[in-house]
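Data block below; observations after.
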Amino acid sequence: MAEHEGLEFGKSDFVLLDEVNMEHFMENLKLRFEKGRIYTFIGEVVVSVNPYREMNVYGKEAIAAYRGRELYENPPHLYAVADAAYKAMKRRAKDTCIVISGESGAGKTEASKYIMQYIAAITNPSQREEVESVKNVLLKSNCVLEAFGNAKTNRNDNSSRFGKYMDINFSFSGDPTGGHINNYLLEKSRVVHQQAGERNFHSFYQLLGGGPQSLLESFHLQGDPALYTYTKEGAGCSTATSDLSSHRAVRTALKVIGFSENEIESIYKVLAAILLLGNVGFRTDEESVLVEGEGEAVDHIAQLTSTPAEGVAKGLLFRTVATGGGDVIEKAHTEQEACFGRDAFAKALYERLFGWIIGRINTVIEVKGYNPMLHGKNTVIGVLDIYGFEIFDNNSFEQFCINYCNEKLQQLFIELILGQEQEEYQREGVAWLHIEYFNNQIIVDLVEQAHKGIISILDEACLTGGRVTDTVCLGSMSTRLAQHPHYTDRQLTPNDKTMDFQKHFRIRHYAGDVTYSVEGFLDKNKDLLFQDFKRLMFNSTNPVLTEMWPDGGLSIMEVTKRPMTAASLFKNSIVALVENLACKEPYYVRCVKPNEMKSPLLLDEARCRHQVAYLGLLENVRVRRAGFAYRQAYNRFLQRYKMTCEYTWPNHLMATDREAVEAIVTGHGFQDDVAYGNTKLFVRSPRSLFCLEQERAALIPILVLFLQKVWRGALARMRCRRLRAIYAIMGCYRRHKLKTHFLEVERRLVNARNMADYGRGVEWPHPPAALAQFHDITVTLHRRWWARQVVKNIPPSEMTEVRAKVAALRSLSGARKTWGVGRPWERDYLANARDCPLTCSSFLRVSKELRTKDQFGLILFSGLCRMVNWFNNTTDRAVLITDRHVYKLEPKKQFRILKITPLDQLTGLSLTSGADQTVALHTSSQDDILLYLQSGELWPGQDRAGELVGNLVDYFARVKQVPFPVKVCSTVQFHKRGKQKSVTVETRAGQTIAQFKKSKQGFVLLLPAD
């Protein structure tokens, strides 16, 4: 029983009514409708009244409120019954189904969509990608099926013109793994004819109203539905949704589902071909029938279907017939036969298209690679959304089949909810007051009974040779069904002027009397389509059309079995559907249409009384009030709840399972709320069951922990014994491997001290995994020993150069192309007679004077260079770097001192990553020294920048014990008189010497192109 709603909203469960009669039922239904409460319970059945407006009760908050809760914990809602079906499926691993019933316009399609959205929202909490993909396809399929299977009728703007049953497969963990869609009796006659005020299927208007102009032109269409015979009846009808936005939504949904662009284009080509086919007219010219006009429409149809134009024209005007002697003849159509063939072809095209779309969706969502042994039991929730009971001004073959389907579903409801429940109480010996109800089995037999029912009579008429008309068939029904209490026609009741002679018959359905017009019954039952059209479509160059018409591949001479009639096919599919539903645990949503004006404020009592009566809702309330909410076999009840009682856990010692169940019930104080049957326990109130479930849910973690503890202990002991054995084996093997490795290393390096390269060229053996780190350390120690042996042989005079090269290696390795490592480093090039033969004597004199004056002890570097003067011109200069100062000298004027910078002011050095000799010495005064080093006659063209870097880095690290930053980059950044500048390097043809040229950012160093 539902809670959390005030009395001002009426009773949220009809079971709580003070008196169970039609007046009190309608009073409560009307009050809740007026208060905006469109859902009401009858136990576990939800009664839904179409509100004809948007309701703010379907968001994420509502989903969270109903998720995992019991039925009576929240107000009535579709989410409550969806959650109950999901919990039953997941808890008991039992297949369930949700049957949504009611007449056309009662809100069945919307209810099924909300149920699907709820199931999608509460599953896959871990957001697994493959599960999300299945959910998206299941949800998007609704959009596609509505477009191609729904239409506006006089009673409903979005009426389902086909029946849909969707099975959703769930894994053991409760996540959707796939599904399957079955469709029943598409109303294909709507393609060629609609009643006044109604529209063709949505898909046609969405294409014309929402398709881009370029697409319509390529299909030879215009955007006005009034221009086409098959859509002009509904051209002026308005709907609540925009055809433009719907068309976009459908195309998006098709892509999400997995249709390719070629397949989507083929779908709309078929729609366009059907529209053009409806505009094909015929005229009689003497004895032959011709296509009206110049045959332009035929050419367009041929283009859209990828078939030859002459083949289309021939199929419309002629029929190929195989004679008994093996000959093939062509029989020309009369004008009437040509029109019939055209319409039959259009209907078949749409029916095959619709079936192919559903088949493609099923291919995408079918469960793939599921192994119950690996993944657990695969359970199912079925959702049935099928056309409601229909009574129109003119009821034809389609309404006859639809109403028969509703009779079968009502029979299932009666059997499961009313009949079987009462039979079970009697069988179990539970005290029970029998409730009378109407069993519509007599009406079902009137339609489907073998050799006597209406379908059998129709099939006989279709199979009988000669010219059997609809009128003759009606006469046969009148003769054979004259004594049936639920059948009549004008011949049997001559005084009933609401029916016409030789035209109408009436069936007294559970939902009311329906008068059917027999005109067209036989043609629709035969569902005749000339084989020429099937062969034409099968031979299309479009593979999608070929796939839709596999039966077109039969040879004209092949003798095929006479196909079943439409009524028999539909009957067989509905019988299979009912059998499928009967083997599942059912949950019901009973939809009620409040009025015919689609008003959100009006509730037509007379109309609602009629629906309440034929849906059997009052009988449902009576059965529910007198019955029990839950029943279960003693052994299964005991298996589920035995842990809640100390006398039954882990195993009871009583004589029977019934005694053990009584101990559980008595222990919880529920003895007044249950009844004991012969084999089952019956629980009246869901609250009692909920209390048991709560206690069980609290105990399960404790039991799981206990079982885990015991099992983990056993596993740990097994693992411990196994590990001990493993470690013993591993210890022996590891010692063997270690010993083998050490012996091999000793063998290879035993004479390393006597080798020329001290064993550097010896290949070390690959170590065992346990010695990997030790091996690396050993190799490192050997390399250091090798280096020590090599260094011992280096003369002390060369150690300064070695240290400088090591410092340069650390600073420049991998950052600069060349840095002069392969040649001797002279340091003081200005004093070297081989490098500067003409100026070395002058420099030696100046150097001696500076050593005396400035007291420096070591020359770090000296050499010729090119620098930028005060006027930003490039001039030849010399640089002398000592352990105290950096001197800028004028080589052409006896090495006159131009500038002295203390060495302590140097903060770093920058040079390029190329082969040029640009160096910027950074100073703390932000007046950096930019120079381009030049080579002398000793090793011309060799790199000297690396030598300068190595000497400075080594000196600062070894003597001053501070790091000297070195930056290698493509563009050198430096400061000149406090302003930041940059130097880029370019090569130029015709340039003979290095030259700095002023630029916006600083300078460009121009180098010879060679």
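Yeah, the Cβs are placed from backbone N, Cα and C, and that goes for glycine too.
Just so you know, TrEMBL annotations are computer predictions that nobody has curated.
Quick look at what TrEMBL annotates:
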type: DOMAIN; residues: 9-697; note: domain 'Myosin motor'
type: BINDING; residues: G102, E103, S104, G105, A106, G107, K108, T109; note: ATP binding site
type: REGION; residues: 574-596; note: region 'Actin-binding'
type: DOMAIN; residues: 814-1009; note: domain 'TH1'
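K108 (ATP binding site) counts 27 other C-beta atoms within 10 Å of its own C-beta, drawing on all protein chains shown. Counting same-chain residues at least six beyond the ends of the region 'Actin-binding' (574-596), those with a Cβ under 8 angstroms from any Cβ of the stretch are 29, 33, 42, 44-50, 52, 78, 81, 84-85, 88, 94-108, 111, 115, 155, 165, 182, 184, 380, 382, 384, 388, 404-405, 408-409, 411-413, 415-417, 448, 602-604, 607-608, 611-612, 615, 617. Under 8 Å, Cβ to Cβ, and six or more positions away along its own chain, G105 (ATP binding site) finds N50, T153, R155, N156, S159, G388, K593, K598. Neighbour count (other Cβ atoms within 10 Å of the Cβ, all protein chains): 24 for E103 (ATP binding site). Cβ neighbours within 10 Å of T109 (ATP binding site), excluding its own Cβ and spanning all shown chains: 23. In sequence order, N50, N156, G388, C591, K593 are the same-chain residues whose CB sits within 8 A of the CB centroid of G102, E103, S104, G105, A106, G107, K108, T109, the residues recorded for ATP being left out.
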